[in-house]
Each structure stands twice: as structure tokens, then as C-alpha cells.
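Comments concern the structure below.
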Amino acid sequence: MISIRQRKGIQTAEVSEDYTAQEENVKLEDKLPSMEREISFRTECGLYYSYYKQMLQAPTLMQGFRGLIYDNKTESMRTINLLQRMNIYQEVFLSILYRVLPIQKYIEPVYFYIYTLFGLQAIYVTALYITSWLLSGTWLSGLLAAFWYVTNRIDTTRVEFTIPLRENWALPFFAIQIAAITYFLRPNLQPLSQRLTLLAIFISTFLFSLTWQFNQFMMLMQALVLFILDSLDMLPAMKVTWLYGIQLTGLLLVCILQFFNSMILGSLLISFNLSVLIARKLQKNMKTGNFLNRLGKLLLHLFFVLCLTLFLNNIIKKILNLKSDEHIFKFLKAKFGFGATRDFDANLYLCEEAFGLLPFNTFERLSDTLLFYAYIFVLSITVIAALAVAFRNLSDSTNQQSMCKMGKYTIGLKPETAYNLIHTILFGFLALSTMRMKYLWTSHMCVFASFGLCSPEIWELLLKLIHLYNPKRICIMRYSIPILILLYLCYKFWPGMMDELSELREFYDPDTVELMNWINTNTPGKAVFAGSMQLLAGVKLCTGRTLTNHPHYEDNSLRERTKAVYQIYAKRAPEEVHALLRSFGTDYVILEDSICYERRHRRGCRLRDLLDVANGHMMDGPGENDPDLKLAGHPRFCEEIKKNLPTYTAYFTRVFQNKTFHVYKLATNK
């Protein structure tokens, strides 16, 4: 036991040092001015970090809390509760720690924030290590999982480049939860061990839910895993009920802390879990009868749960008048081919590479480390075993849901293995369909592949299938192959990792720095700025000015406001744009050449194209347009305003310009 802890600690320290060294070398050099450090937190990362900074700058903690609960600078002409709207309790907690602990003389706030997150990543890798170890029964499996995670870090984490992202806070707790569930599903646990494990599952579920707004969708996938395995009689029903209850309790507790956030109450997860629990009470004797009888009952059960889930969810949303998550369902509907859409918000997601299909080169990178080959090998064997066990369970009405009896069969599958198998399959489908979600799959891929290579059960099944079974061969295979892979990884990737750690890169974004310095020097502290969501997050962080819109998109009224502000890149009359911006109290508008003349996206996916189509206008450039689209009656605003024509200067006065940005002050007497 001591040797396991020592090895685990060494690996965790290596991972923590790896990330810390990379971040220090790549982005946040000690010599950088604070402005440039803050600008390095791009898009929504800057928005979240700004609240940490805001709490530190508040005269007292209570004033800091009040500033978050009654915030009128994130969205102009509105007072919003940031603790209700966003998942920023981690910033609050960290700011309290920094103020209370005697560390101000030794570490700057930005480094305290960064090192805390890197410490969480070390915990993340430790949780992966433990999960793999629990599944296989050997520390070697955990070591291989950790090595694979680090060597595949381009595809397993985004923490190197986007530190404050919510997923970087949440995924370590998700990994801890999976490790705890893996242990909890073991048969014959002692009562005390079971209670302590349930407590660990609850705490990790709660913290995961508290730190990421997409928690409900990830836990819905997890609930589907439990539902599938319970329906196929591959998990103890009582343990599944406990896990459903923990999901509900954790999410509802977060709902209370977020001042009864309606998006949580209207989540599919709550409706689904309630539906499953109700269906299990109403549909008894589901697990009796012959194969066809049980299959029919299973299909009826599935249909009933699906209908009840949709019914409950619809009722809850109508009662709460909930529209916060409708853009997600519009996006999913269009993504999976259930009709084209001109909805601006849905198309904004559809056109982003991160929300597209997983690129093929991902598998090439995963294959370079041998991870993908090992994963497919283990997945194939466990799927065969799972299908055999599921068929046997549905055919055998005398099984009585006892997982212990599986030992007498030639093919068996432990409950914890079955859970991790369906987990990796469902999250694999999610990653294949949406690239941004690959980080939930690839990290678990490391766990699952390493477990299989070190598992005596996997090798026993394989050797029996090819008639080469021998206990000594199992021992040789489960230790020699992982060791050979570890040696290969060290030989091929260790020199490159050392080169990365020694590489120094200078942060360089003079145009943005110049813009932020100009705003700080030349505009009133209460000035309201309009512009792109991504840029305004930086304006909030670096200058503290009031915004019209921002990147946290989970609010219907904010999405409508953002679309209105983005008319600065559409074909609209200057008086119309001025009226829209002034309706939000805008004093200054920032135009970006990179958006106005965008070439990164294909035609039809440029921001100006999305606005044109949503406004019923024909798109620019060669190519087809839908027949009902019409020529716009006005030129593109962001291009025409730069000509300083009287029709534009009557409403807008240019006050700042560099190679990237153009700032205009709005006339207030119009």
C-alpha cells in the first residue's frame, strides 16, 4: 500500500510540474505587466477571472458578495445576480482564501489562481490513476493511464491554453466521482465503506455540478448509463437508486445555492431521474419471464420513461416560462438533420469547429501513443463479454439480479467494469458528434485502455477464446505489455516534453494592450461598451467598464441583446444601429476588422453571413443564396462607417483606431 501511494504521488507531482512549467513559460512570464497577463485570459476565461479580481478589490468580503448579487456592470441597464446566472462560486471561494490566508506577500493573485487550477489537474490525474487501479487491481494500470493522459494532453485537456474555463474546474471532480462510483459498485462492500463511498460520490457530484453550467447534460449521460445497465440487470438495483438520488440531491442543492436557477429546475436530468424512479414503482416484475417477454417489457419501460421525461420537462418549463436552454435544443435539432435553421444562435454553434464532428486527425494523434489501438482492443473484448452477459440476463429469469452468480459462467463482467464500459461508449458517441466534448471521453479512454491491458479477466477471456489459456501467460501478458508501452512512451515523447518545458515564448498582442490602455485613460469609469462577446470579456477584466453583452450565453434575453449588438456587422442603416445600441445605454462601440472582414470561416458561416441570413438579406461573395433572401437596402455598417460619411458621423465619432480595432463614440442627443 505504501509503494502504491509513493508511485502515485510521484506521478501526480510530475503532472503538476509539467502544467505549471508550461504555463509559466508560454503565457505568464514574471516580467509581463499585469495588463498583458489579464489579456492572456481570452474570451469567457477573462469574464470569469474578472469576478475573482472584483472580489479581491472589494473593500470587504460582504461588499464583494453584494457586488456579485446586485451586479449592474456585466449587462448595462440591468441588475443581475451573477451567483444565480453563472457558475462562479469557485472564484468566490478562491478570493476568500487569498484574502484570509497570509500569502499576499509571497504570491500574486493571478499565480494563486493558476496554481490552484493546476493543483486540481494533479488531483484529476490522481483520480484517473485510482479508477484504473481499482478496475485492474494493479498500480501499473494507473501509472499507464497517467502517462497516456500526459502524452495525449493535446486531446485530453485544454488547461494549458484556457485556464479559467469551467470544465477545468469541474472535470477533476467528475473524475473523482467516477472513481468513487467504480468502488461503490464493487460487490460485498462493508457498510462503513459503502457509506463513506456514497459520501464521496455526493460531494464530488455536488462540486462538479457547482462548477460547470453543462453539468446537467453530462450527468444525464451518466444517468443513461445507469438506466441501460439496470434495465439489462447488470447492476444492483438498490445501488442504482442511490446514484439516481445523489444526482438529484446534488443538483437541487446547487439550484438552491444559485438562488433557484430555473435552468437547473428545467433540466432533462431532473425529469429523467424522476421518470425512472416513478416507472420502477409502476412497472413491477420487469425482470421476469423468458427472453422475448423480458425484451417486450424492456421496450415498454423505455417508451414509458421517455414519454414521462418529455411530459414532465415540458410541464416544468411551461410553469417556469423557461427559455434559457432553447438554443441548445435548436442547435441539436439542426446538427442531427431535423431541419435547417436560420436561427442566429443555433448557427453560431453549428459554424464553430469545436461543435462539429471529431476530426480524423484526433485518432492519428491517439494512435501515435498506442492509446487508440489499446482502447479498441479492450473495448472489443469487453463489448463481447457485455453482450453475452446481457443476453444471459434477459434469458435467465432465475438470475434474480445477483452479480455474484456470474462467476459460475465462462463469461462474466463485474458491475464496475460494466459501468465504465457503457460510460466510455456513450461519452465516445458524444465526443464523435461534438468535438468540444472529447475531453470527457479521451481522459476516460486512458483509464479504460490501461485497465484492460492490466486486467487478468480481459486476458483470461482472450486466451480462452483462442485456446491458449494458462495462468502464467495471463501474468506475463498483463505486466509485460504495459511495461513495454511505458518504455515506448518514455523513449518517444520524453525528449519532446523536456523541450516544451524549456521553450520560452513571449506574449505579444500590442493592439489589444493599446486598446485597453486607451479605455482606461480616456473614458469615464461608468462608460458602457458594445462589441463582440469575446472582446468585451477582456474589456470587463482589464478596465472594469460596463458591458452590453458577454460570452456567458445561457440566458435568452442576453442572446437577443447580443444579436441586436451584432447588427454593427450587418447591413443596417446608421440610425437603426445607433437606436439599437442606445437602447442598451451604449456610449462606445468597438469594431474589429477580424470580424468585419473575416476569412477564417467558409461562406455561410462568417458572422456577417449569419446576420445577413437571419435578417433576410443575401450574403456577400460568389455562391448561392436561398431564393427568398433579398438584397439589403443598406451597405454593411462596419465597412461604411470607416468612410466618415455625414450620415454616419452624425451618429458616431471615431475616437480611437489601430490596426485591429476602431472605437466610436455614440451621439447622445439623437
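Positions of Cβ are set from backbone N, Cα and C atoms, glycine also.
Bear in mind that the values here come from a model prediction, so they are computed numbers and not experimental data.
Sequence annotations record features per position, and here TrEMBL assigns transmembrane segment to 106-124, 130-149, 169-186, 192-212, 224-245, 251-277, 298-316, 370-391, 418-435, 441-463, 475-494.
Taking Cβ pairs closer than 8 Å, the transmembrane segment (370-391) reaches residues 148, 152, 232, 234, 291, 363, 406, 409, 411-413, 417-418, 421-422, 424-425, 445-446, 448-453, 455, 458, 461-462, 485, 488-489 in its own chain, all 6 or more past its ends.
Across 169-186, 192-212, 251-277, 418-435, 475-494, stretch 169-186 shows the highest tally of CB pairs under 8 A with the transmembrane segment (106-124).
Take the transmembrane segment (441-463) and the stretches 169-186, 192-212, 418-435: counting Cβ pairs under 8 Å, 418-435 has the most.
Contacts between the transmembrane segment (130-149) and the transmembrane segment (224-245): absent, as fewer than 3 C-beta pairs lie under 8 angstroms at sequence separation of six or more.
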